[in-house]
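Enquirer: One structure is given below, represented as structure tokens, and several questions about it will come after.
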Amino acid sequence: MASPMKNLLTDLSRYVRCFRVFLAKSTEHQTMLQFVEQQLAGLLASTVSGKSAINILSVGGGAGEIDLQIISTLQANYPGVAIKNEVIEASADQVLKYKECVAAMSNLGNVKFTRHEETADDFESQRKAEKKSQKWDFIHMIQILYYVKDIPATIRYFHSLLGAQAKLLIILVSGEGTSGWETLWRKYGSSFPTDDLCTFISSADINEILDPLGLKYTIHELPSQMDITCCFTKGDKDGELLLDFLAETCEFSKTVPPELQQQVLEELRKPGCSENKNGKVFFNNNLSVIVVEP
């Protein structure tokens with residue numbers, strides 16, 4: 001009999017709900033924002049210096065919170081530089097939230113937005129079909145490479161779109177046993193349904209892709225955690241959504257066999273995944289920022 005388990009991405013609306021609980025329970029965005037505010041301008045100094053305008057491509061821009069902080073940081077550090085910001089985002093819900101975020105901001109007079117409501121794979125296919133050759137000064141792929149069909153090919157393609165002195169920035173979970181995600185996926189990833197919609201990867205996998213290509217890159221580690229205490233309270237709505245997100249499995253508590261559920265819950269409590277503090281369980285959500293040169 002076919003397994004009732006389905007990948008979370010088969011229900012994009014539920015995925016977005018899970019993602020929003022994840023953001024509320026984790027320090028992910030705060031950690032990223034701190035990196036953007038404190039380090040990004042310096043990393044892009046050679047990219048922006050001497051230019052009156054720059055092109056940015058956001059691959060998987062989500063609801064725009066990080067994108068807009070990137071833009072605000074560049075505006076603050078390089079006043080007067082016009083910004084053309086193109087966004088690739090497949091979720092209609094996220095695109096709507098992105099538009100709302102933009103509408104709520106002031107001082108975006110020198111920023112032009114273009115949105116592509118499609119996947120990174122679709123964007124690549126369409127540009128290749130149209131034989132477009134536009135280059136970008138800065139391309140960022142934040143927590144998106146799990147959801148592309150061919151990760152090495154996608155990295156090579158978007159890297160080929162970099163102009164002179166440009167940068168490709170990739171953010172995803174840390175590897176080499178330094179994040180709970182990698183620990184969980186390494187042990188149970190083969191038990192979760194990917195449905196050819198996602199890949200369980202970490203920064204260690206990206207390093208193995210970049211090194212043979214001979215590309216120059218630097219890595220910045222960002223500490224982050226997520227309160228998953230609610231995952232251990234049966235019937236807790238946020239806990240159920242977080243379990244869906246952790247396993248990339250729609251309706252985890254209803255479709256995953258009880259024995260596997262128990263094994264995953266036990267794994268989530270272990271030191272390889274989490275830390276127990278003051279009666280709460282904090283999942284290791286450490287991130288890696290990889291900055292790739294042209």
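The count begins at 1 with the first shown residue.
Glycine is treated like the rest: Cβ placed from N, Cα and C.
TrEMBL lists these features:
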- E28, N285: substrate binding site (BINDING)
Enquirer: Note down the number of other Cβ atoms within 10 Å of the Cβ of E28 (substrate binding site), including every protein chain shown.
Expert: 21
Enquirer: Could you list the residues of the same chain, at least six apart in sequence, whose Cβ is under 8 A from the Cβ of N285 (substrate binding site)?
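Expert: Set apart from N285 (substrate binding site) by at least 6 residues yet with Cβ under 8 Å, we have S26, T27, E28, V173, S179, G180, W181, S224, Q225, M226.
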